[in-house]
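Input: a single structure, listed below in structure tokens.
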């Protein structure tokens, strides 16, 4: 059926788009009576120039065309806004034309749709909530949050000092940032100290191994010297015994005894040298062990310093819980 007036369908008189930086034309699917009935918003700013509107008076809506495409990511909002008023008047005994009546009813229906949208975006209780609490806002007070009163019958300004709470959170955040910086510094220092400690630790371990090897060699040399000394003594005793039995101290026997005595003296010197080497090896091993212990203790101190700094950071927490709107670290 064809009509000579706008048909107001069951449509929300509000539509939004996210611009891509290329598209310039944006459609609105609801009817408007005149071009001025349509508001155009770019983000949080209402646009009044830079575009043209077509489709006023059409049942299917129309199009808003921008001269330059809105920047990518911009939220484009198109909504119908009508003045809440009568647009016609009927006189007693005057003409009562259908078009005038339809236009008036269409306009009032459009106003009701506008109010419906506004109410749907307002603070309200759920339809199933049995509460009879008042939603009237208390008088504005700087720095105060709005919350339920003691018996949840209405709204009131929260007595908490959120300005001080925000200051406390800021102080805590600053302390946490300082602790984080200190922890990072301590971690770097600990890493450097550990790297420096590893070298003497490895050197100490190698020295200990070398000292052990020297000690083992000294023990072997001492044992060999003792064996040689015993053999020299036995040889000298045999020669002396033979000379005493025959009563003949020939030049050869005297030479053999002399050589045995020299061998015994050399063996004694070798034993003494081996014992000295063994003592030096033991001292080197003890020194390497002390160096290793000192390195390990230094590593422990570095790890403790890093752990202390990390604990200082982990232990930092805001001193007071705040609602999401009052936080300053988000």
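Just so you know, glycine gets a Cβ as well, placed from its N, Cα and C.
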Feature region 'Disordered' in TrEMBL, mapped to one of the ranges 130-152, 153-175, 176-198, 199-221: 130-152
The region 'Disordered' (130-152) - residue tally per DSSP class, helix then strand then coil: 0 helix, 3 strand, 20 coil
Residue counts (helix, strand, coil, in that order) that DSSP gives for the domain 'Bacteriophage T7 tail fibre protein-like N-terminal' (15-102): 8 helix, 31 strand, 49 coil
